[in-house]
Structure formats: C-alpha cells, structure tokens
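K.L.:
Take a look at this one; I'll ask things after.
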Amino acid sequence: VTCFCKRPVCDSGETQIGYCRLGNTFYRLCCRQ
C-alpha cells in the first residue's frame with residue numbers, strides 16, 4: 001500500500017484514510033493498493 005498527502009482531492013482509485021497537516025495546510029491522506 002502506498003500513501004500520499006494530496007490536495008484538493010484524492011485521485012481515482014485511491015482511498016482517503018485520514019488527513020495530513022503540513023504547516024497550516026491540511027491535505028488528504030490518500031492510499032492505493
């Protein structure tokens with residue numbers, strides 16, 4: 001499983017499992033099998 005912090009949304013085929021915070025910006029934690 002590979003996970004990335006992305007914004008504004010996850011790519012198709014990815015599942016959001018949480019959030020990342022980098023500085024004052026929130027990202028979606030997106031994982032793909």
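Along the chain as shown, residues are numbered 1 onward.
Just so you know, glycine gets a Cβ as well, placed from its N, Cα and C.
Below are the features I grabbed from Swiss-Prot:
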type     : residues    : note
DISULFID : Cys3-Cys31  : disulfide bond
DISULFID : Cys5-Cys20  : disulfide bond
DISULFID : Cys10-Cys30 : disulfide bond
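Explain the structural surroundings of these features, please.
P.N.:
Around Cys31 (disulfide bond), the C-beta neighbours below 8 angstroms that are at least 6 residues distant in the chain are Val1, Thr2, Cys3, Phe4, Glu14, Thr15, Gln16, Ile17.
DSSP assigns Cys5 (disulfide bond) to a strand segment in the three-state reduction. Sequence-distant neighbours of Cys5 (disulfide bond) (same chain, 6+ apart, CB under 8 A from its CB) are Cys20, Leu22, Tyr27, Arg28, Leu29, Cys30.
Around the Cβ of Cys30 (disulfide bond), 21 further Cβ atoms fall within 10 Å across all displayed protein chains.
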K.L.:
With the cut-off set at 10 Å between Cβ atoms, which of these disulfide-bonded residues ends up with the most neighbours? Options: Cys3, Cys10, Cys20.
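P.N.:
Most Cβ neighbours within 10 Å: Cys10.
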